[in-house]
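Peer 1: According to Swiss-Prot, the protein has these features:
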type    : residues                               : note
BINDING : L45, F46, H47, K48, M49, G50, S51, G52 : ATP binding site
DOMAIN  : 34-193                                 : domain 'Helicase ATP-binding'
MOTIF   : 135-138                                : motif 'DEXH box'
Amino acid sequence: MNKIILEDLKESNVPLYIPQILPHQLATLDFLNERSLKEKKSVLLFHKMGSGKTIISLLFSIIASIETKILIILPNTSIMDIWISKLYDSLLLLNKNDKYNLNNIEFTTRSRLNEELLGTNKNINDIITENIKKYDNYIIIIDEAHNFFGNASGELLIHIKQNSTARYVLLTGSPISNTIESLKDIVELLTNETFEYNKYIESAGNKVFQQRINKQGIELLKNKLTGLISYYDEDRKDIPSPIFQGNIKLLNYPVVLCPMSKLQEDNYNMISNQTENDMFIKLMMNVSLVALGDKENYTNFDLLMASNKQIFPNFYVSNGKFIGQELIDLNISSKLKYFMNSILTSPNAGKRFIYFANSTIGSTIIRSVMIANGISEYDKEIVNNFVCVNCLKERNCNNKECIPMKFVIITSKESNKGNNSYINKILSVFNEDVNENGSVIMFLFGSRIIAEAYTLKDIKEIWFLTVPETKSELEQCIARAIRSFAYKDKNTRVVVRICLATTPNALSNEISQIIEKYKDESLSDEEKTLLLNKFEMKLVNYAIDLPYDLRKQLYSEFKSEKAKVAYNIFINLSILTNNILNDNILKCFIIEKIRRYSYENSRYKLKDILSYIKKNLKFDYKNKIEDYVNEFVNDGVVVYNKSFGTCYIDWFKDDIVVKQIILEFNNYLLSYNY
């Protein structure tokens, strides 16, 4: 990052609701311009989730489009549509009259890229060379890059790098999201170095969390990645701080332990005894959410829903639906019982986002439970025994009309079916000001697709009914809701609950004691490392006795603690520069200074804005700054003024003034006065 830009723009803050390039974003643009565009190197943007990697990438793509072609790879088509729409919003932050070539910016998805290059081939070496060579001199930007590490997609990217002159910009808030194996992909995607796994990684066992980078590996990272990483993780003072609630704190977070009923515990133990190596098996995730009887009911769920049968007393399948008193008593699900008890005793609590990962079984049981308890599905018929947003089950709002609670479920199935417009429509309704308190849609149940790119507004509670695969995925979900523009009041109380289905005395005394010791803030790094090693041994020894949810959360947090070694290396490899600004970045900097000055001032002298722009610059740019200011005024750069709103700048005699942009409508034409 460029230190001059970073420190200068921090001095002249403007409200975050106005269009602008934030200080760290413009400072990162300089980094990308120097390393990727000028030096033709691959780089990693390790920026905290919610810090604006999207806008940085789009601005850089627009600037780079003058010189080269850019390919942006997104997780799915729905997210790709969002990026494409934001491309034109980003253009308004620059000078619209510059000779950008937006035709040089291409978008694709991970699956499309795989299909295009691999087709039906399973062997990466069989890819036709011409298919790779077309990416010569491309800058390839990869969103959520950590999802490419350690799989076939990552191998494909490495193959492209080895057989073309393409360079990468990797975007991630969590480079090592699952295992230390990610380091191999990071090194090979950023450099021409081959990462010899057995040489640089040592293992204390066959569990993923038992692997660690050795001293040789640390030296390799320092030697090869210095200057190729941009790190940003500044605490935001303009957003609410999430409040984690729970009845016990593990290594990182408080969690809610939800003891299973005897019915659910017996069902859990039966399935667990029939399942080998059940740590990351989807089956146990489903069993931890809801008791459905025999193992075949989980593995052949479609057949179960097509039948008419009793699963437990007071719990049946009939005509493709779950029915019975158990949907209300909820002995079948300790997590749903805790969740329902909370929402049915909390009037006017606002909007909730509820994360769950088991889309088929999860969607079906959640829908059945919500409807049985009086909460209607959005855009469907209102249930007879509805629960009111304001008075809950009383349905007596002081002679006012009651508002039925409603929910909606969004999973990757909608995206896979191509229903991106449906997802965008639902989220648009959910985020509207009229739904600020949840009167239109109160509950949004979402899977991982929400965590990847969508933004949620005015969320008051975030629930996790299934344990995310990694700590970074958990943080992504939270970051999608807690953003600078998502709340009118930064002091809004936002509660986060991670729910774990547990059995009695789930945590052994030894593991509990280590966790308590680890929380001691006075511990040295060496003492923490020793405790982590001890914790690792206990996890291995007691793993089989721990309930699935608790085990998975402990593994996730433990892996996160182990990954801090590599993270700290990455952080230290990120450097601040004081370089002279390249013309592309100097233009962006000048426009941003004009934008900030024009927020407070609607009329000013040329000499005043020049003085304001130059005051912290350490290099002499001769006449460039004045020439660019004149150019931008003549071109009518768009700004935002606190009195007049959206404006453009223009000359009035010898002064620079802001002129309001006014939309004018008649029966034939929507135009604007510019």
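Cβ atoms are placed via backbone N, Cα and C, with glycine included.
Let's see these features in context: how buried, what's close, how far.
Peer 2: Remark: F46 (ATP binding site) has T172, G173, P175, I229, S230, Y231, Y232, F570, I571, S574 as non-local neighbours, by Cβ distance under 8 Å and separation of at least 6 in sequence. The secondary structure of F46 (ATP binding site), as reduced to three states from DSSP, is extended strand.
Same-chain residues lying 6+ beyond the ends of the motif 'DEXH box' (135-138) with a Cβ under 8 Å from its Cβ atoms: 68-71, 160, 164-167.
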Peer 1: In the same chain, which residues outside the set L45, F46, H47, K48, M49, G50, S51, G52 have their CB within 8 A of the centroid of the CB atoms that define the ATP site?
Peer 2: K53, G173, Y232, D233
Peer 1: Across the motif 'DEXH box' (135-138), what does the mean pLDDT come to, as a whole number?
Peer 2: 93
Peer 1: Sequence gap of 6 or more, Cβ distance under 8 Å: name the residues on the same chain that satisfy this around M49 (ATP binding site), in order along the sequence.
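Peer 2: Spatial neighbours, sequence-distant, of M49 (ATP binding site): G173, S174, S472, E475, Q476, A479.
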